[in-house]
Ligand code: APR
């Protein structure tokens, strides 16, 4: 059986971590693409040399030539620049939009049948632009946001409740900016909704509100601590979970930035919602009933995504 091929476009902090995880999990052969001459080849060689120790079989190749991503089953895009302290995700818009154009064209020319996961920020706008530039079907292009945002939410909740993170499910909707909507009503510990746990005296609404706020600024908290870049371990793990769901036809229900066509009252935008990922890519958009407060929060988030798209269209007339 031929091995899967995973192309990682952008071989920086997240790209390198993705390559390490993909190799360790033997998800397939890995191609690391970057514009920085030599660097992707160096990372691929270094990672290959961890193979004998870890005992994985995967070919890792570094390249600056798009032809090498030909026939990839999955492409994970991290190309671009990350945030520095004091920058919002939106500050990255102009630079990363140009990068998405080059990457989209590279994918279109070399692996139009791939499942594409975008991580580059500002996420909801970049995944939309990448889809436009690549011309791939909407169900084959998704953004990695919700898995990461809910992982942050789950970590904080598990810590507060003093239980295993494995037993915590959490729900975050909307854009991947500060307007994201963590929803306590749909977050649970072993199936028990958080509002019931508050009633049971496990925590307080005030503490939950603080966790919601911390989740919203979870990426920024890490940017501040790192000092010269943004998070990469958890973003990489999150994208790998999405890639595995596709490659293994797992039908996982994962919150991702997906293209909405009327669902949640949104048309023609990428916004974070729960979706089913299987061999067909985005196989289903899960449309849940939101209470009035969540609906309001979701609308604010959708408006923020729309504003970013308008800015993209202003910067590149081919998108208008
Ligand atoms: N094509 C390919 N790679 C590119 C291009 C391009 N046009 N432009 C820049 N790159 C590469 C850089 O050379 C760098 O190696 O993208 C890589 C980005 O890596 P890092 O700077 O280490 O950034 P990282 O932390 O991996 O984050 C990447 O993901 O979470 C988002 O906000 C984050 O947008 C950022 C992206």
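Using N, Cα and C of the backbone, Cβ positions are placed for all residues, glycine too.
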Same-site residue for NAD(+) (record: TrEMBL; known: 10, 11, 12, 13, 14, 15, 96, 119, 120, 121; options: 29, 34, 90): 34
Residue distribution over DSSP helix, strand and coil in the domain 'Lactate/malate dehydrogenase N-terminal' (5-143): 67 helix, 25 strand, 47 coil
Cβ-Cβ neighbours of residue 14 (NAD(+) binding site) (radius 10 Å): 27
Separation of alpha carbons, residue 152 (substrate binding site) and residue 14 (NAD(+) binding site) (Å): 17
Maximum Cα-Cα separation in Å among residues 10, 11, 12, 13, 14, 15, 34, 96, 119, 120, 121, which the record lists as binding NAD(+): 17
Those binding-site residues, out of 10, 12, 34, 83, 152, that come within 10 angstroms of residue 176 (active site, proton acceptor) at the Cα: none
Cβ-Cβ neighbours of residue 83 (substrate binding site) (radius 10 Å): 22
